[in-house]
Amino acid sequence: MSVIILGIESSCDDTSAAVIKDGYLLSNVVSSQAVHEAYGGVVPELASRAHQQNIVPVVHEALKKAGVTKEELSAVAFTRGPGLMGSLLVGVSFAKGFARSLDIPMIDVNHLTGHVLAHFIKAEGEENKQPEYPFLCLLVSGGNSQIILVKSYNDMEILGQTIDDAAGEAIDKCSKVMGLGYPGGPIIDKLARQGNPKAYTFSKPHIAGLDYSFSGLKTSFLYSLRDWLKEDPDFIEHHKVDLAASLEATVVDILMDKLRKAAKEYKIKEIAVAGGVSANNGLRNSFREHAEKYGWNVFIPKFSYTTDNAAMIAITGYLKYLDKDFCSIDLPAYSRVTL
Ligand code: KG4
């Protein structure tokens, strides 16, 4: 009999529902919240309210697109955390109520695990290349920069992580200093495509092991900009493509230096990337170059899986379902948690 999983994601500012049947994606509906743009960042209370408005129509749309009735569902998987508590509670409560009313199992999913396991989502008519265990995954987002050793779908070890800012956070902050919009990542990416990545040099961290640090880069960017602006008040306007390209290149170098080190240390050539920053074209290109130069077998997610989405929650739910790894109705949401 087929296994059909409804996935629900509401950890931050995207309300999403997806349906996966036997590992194949049938639908993935995402409703993003434009309300935060005016504030330059996500406002938790507004996010929670928007999730409440969106959750029912988004789930309805996901089932409709998938051509699946709620009675056909095998289980409901939901993001338990990490994320904003007010946002998480909407998805968690909805999922629990929905599963209970249908008398089917509920499955809790760690959002970070979901990002990593998005590489196992299959789509009809596609190549569906999947990493083999053990593989390394660079998880880079607004809140995380980690190198993860993935031994199986439910056994992951963090080999290194940021000791201060995450890569996405550093990019967003530098972009804010330049007076660009929010979030800065996609804007920097677009500008960087037209600029010279070697135009400027910013400081890189010297940290032992496989950990990252991005706060020094942020300070170096800020101080350099301050000096240049003293000489030319229109410096940013005149040089923004080169600034973006150089900033992006520095972040990519920092990320890839440690990833190469991890690949060498653990003798692994199956290498994946995940999370919001994995949408970055400079980083994606660097992965392709590393594949060529070092014989890596690289896994770069579709753009739709780089941002928050329920497809990754549904695939994780599917894998847990096969092991009958269900949760009980009294399981709370958690705002902070590691893998
Ligand atoms: O995983 P994600 O959607 O959620 C959070 O962790 O919040 O990641 C969001 C981060 C933001 O910092 C955003 O600026 C960054 O991912 N991002 C990008 C790009 N698209 C999103 N950074 C660089 N280039 C991009 N194209």
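Cβ coordinates are placed from backbone N, Cα and C, and glycine is handled just like the others.
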Listed in TrEMBL for the Fe cation site shared with HIS111, HIS115, one of ASP308, ASP323, ASP325, ASP330: ASP308
Listed by TrEMBL with LEU139, VAL140, SER141, GLY142, GLY143, ASP172, GLY185, ASP189 as binding substrate, from among ASN54, ASN110, ASN128, ASN280, is ASN280
Count the Cβ atoms, other than its own, that fall within 10 Å of the Cβ of HIS115 (Fe cation binding site), considering every protein chain shown. 29
Number of other Cβ atoms within 10 Å of the Cβ of GLY185 (substrate binding site) across all protein chains: 22
Quick test of your reading of the structure: among the binding-site residues HIS111, HIS115, LEU139, whose CB sits under 6 A from ligand 1? none
Which secondary structure state does DSSP assign to LEU139 (substrate binding site), in the simple three-class scheme? strand
How many Å lie between the Cα of HIS111 (Fe cation binding site) and the Cα of LEU139 (substrate binding site)? 11
To what whole number does the mean pLDDT across the domain 'Gcp-like' (25-314) round? 96
In DSSP terms, helix, strand or coil for GLY185 (substrate binding site)? helix
